[in-house]
Structures are given as structure tokens and as C-alpha cells.
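Undergrad: This is the structure I want to talk about, given as C-alpha cells.
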Amino acid sequence: MPYEDLVRKILTEGTLKSDRTGTGTISLFGQQMRFDLSKYFPLLTTKTVFFKGLAYELLWFLKGSSNINWLLEHNVHIWDEWADENGDLGPVYGVQWRSWPAPTPEDPNRTIDQISNVLDLIKHHPDSRRMIVSAWNPAEVEKMALPPCHALFQFYVADDKLSCQLYQRSCDMFLGVPFNIASYSLLTMMMAQQAGLKPGEFVWTGGDCHVYDNHVDQFLEQLGRKPYPYPTIEIRKADSLFDYQYEDFKVVGYQHHPTIKAPVAV
């Protein structure tokens, strides 16, 4: 189902619900979209998507960082509202991806690098059904400035292609989901490149898929626009998954409609 069609479905079939931010939403549960990464890079075209922001955010996740100062150095401010006065967010995505706490009596500081482990499985055990990364750590959720919205993802190898499915528990359809689609598609392409595979599918599965009440007018404007064909992306191969830089990515043929501004529900 195309993104725009899912939004229309939410607006016409969704349930009015309250939410943590007090804004109010129109919500549907358990929806799915699929994107063929062998043919295109799914960067939304009915409005401008901030590719620089999502690319730097992904690289920041892969660094395993909990502090936004590196993002600020690159003029990316998407996490500013949640950070404390020192720029810290607590043990959010990158920390869980790269250093999930797993203490033992022998090593109380032991951690698990989920990303490295999964990449190793993709390379050496491609039929494994355990190629999973989780950002949802119940023991640390209360320490996070914002609990993970995109909570868990799984990789799958078939016919020399790498696919990925994301489960997103909370889906801000206007501001968050376009970012998440492109970010995990980019990650899948990077992982495939490092493993010597071709990109397959990105499958997005959403739990609470919602349109905030104060985003409805923006969506009505957006849904009146005709989508352009998706662009493609060129990725210069880095020495390792953790050595990519923003300059290694080149989006090709990105034809898009203008930006539509909307408030963030914090």
C-alpha cells in the first residue's frame, strides 16, 4: 500500500483517540507498506523529506551515541526538543543497537553489539531467523527521553538479496514515518553492500498508526499533490558499516513537491 493511500485510509477509517501529548489523533492499528529497494529509494515525493537529517541521524545511531552534540555540529536539530541541557537523551536507539547492557557476575560492564552481531549473521548464516535488532529495552525505557517508536527490525536473505522488516509501535504519519521509511531503507542498502548482497524489500509494519489532529490540514494539502516517481540512491562503499559518512550518499533524481510545515507533538 502506498504511503498516501495509507494516510487516506487512516483519515477515513481511523478512530479518534487521545494521546500522551494531549494533541489528539485519528488512529488505525496494524498497517503495512512494502518498498522494492532493488528499483528505487523510497524518499517521499508529495513533500520534501529532509534527507540530510535522516542520513545523519542514522549515522549517529550507528555510532551508538546518546548525545545530540554530534548532530548539532552537522546542523541537524531533529532531537533538540527531547535532549537535556547537556544534549543527552539517555540510553536511546544507538545505545541499544550498539551496547545493550548484558552484565554478568564476571563482567558487570558487558554489553551486546546487536548491529555487528546481525551483520555477522547476514554474512555467515544468511538463513538464520535470528537476525533481529531491538531498541525496546524494558529495563531502560524509563531512562530514555523518548521510548523507541521504531522498536524492532529483522533482516532476511533470499536470492542474494537482503530485505528488512521494521516494527514501529508508534507511527506519526506526517513527521516521523517518512523519515523512518527512508532511514531503514538506507540502512538495509548499507548492510547489503557490506555483506556483498543486493537490496531486496523494505517492509514497514506499524502498530498505532496515527494522524495528529493538528496535522490534518497539512495532510489534506499533501494528498492533493500527485506523487512523482521515487528517486534512486548511490552509495560509495565504506571500509565497514561504521565508516560511512554523509558524503558517501548521493540521491539521484529526487523530484518532489515543496515542504509542508507542521508542529511536533513532544
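Numbers here mean position along the shown chain, with the first residue as 1.
Glycine is treated like the rest: Cβ placed from N, Cα and C.
Sharing the features that Swiss-Prot gives for it:
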- CYS149: active site, nucleophile (ACT_SITE)
- ARG20, ARG129, ARG130, ARG169, SER170, CYS171, ASP172, ASN180, HIS210, VAL211, TYR212: dUMP binding site (BINDING)
- ASP172, ALA265: (6R)-5,10-methylene-5,6,7,8-tetrahydrofolate binding site (BINDING)
Undergrad: Given the dUMP binding site residues ARG20, ARG129, ARG130, ARG169, SER170, CYS171, ASP172, ASN180, HIS210, VAL211, TYR212 in the record, what is the largest Cα to Cα distance, rounded to whole Å?
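TA: Site span for dUMP, by Cα atoms: 36 Å.
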Undergrad: Please report how many Å separate the Cα atom of ASP172 (dUMP binding site) from that of CYS149 (active site, nucleophile), as a whole number.
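TA: Rounded to the nearest whole number, the Cα-Cα distance is 9 Å.
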Undergrad: Round to the nearest Å and give the CA-to-CA distance linking TYR212 (dUMP binding site) with ALA265 ((6R)-5,10-methylene-5,6,7,8-tetrahydrofolate binding site).
TA: 8
Undergrad: Give me the long-range Cβ neighbours of HIS210 (dUMP binding site): same chain, 6+ apart, Cβ under 8 Å, in sequence order.
TA: ILE10, GLY14, LYS17, ASP19, THR25, ILE26, SER27, LEU28, SER170, CYS171, ASP172, MET173
Undergrad: Taking only same-chain residues 6+ apart in sequence, whose CB is under 8 Å from that of CYS149 (active site, nucleophile), what do you get?
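TA: Long-range Cβ contacts: GLN168, ARG169, SER170, CYS171, ASP172, GLY176, ASN180.
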Undergrad: If I take the alpha carbons of ALA265 ((6R)-5,10-methylene-5,6,7,8-tetrahydrofolate binding site) and ARG130 (dUMP binding site), what is the distance between them in whole Å?
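TA: ALA265 ((6R)-5,10-methylene-5,6,7,8-tetrahydrofolate binding site) to ARG130 (dUMP binding site), Cα-Cα distance: 34 Å.
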Undergrad: Under 8 Å between C-beta atoms and at least six apart in sequence, can you list the same-chain neighbours of ARG130 (dUMP binding site), or say none if there are none?
TA: LEU121
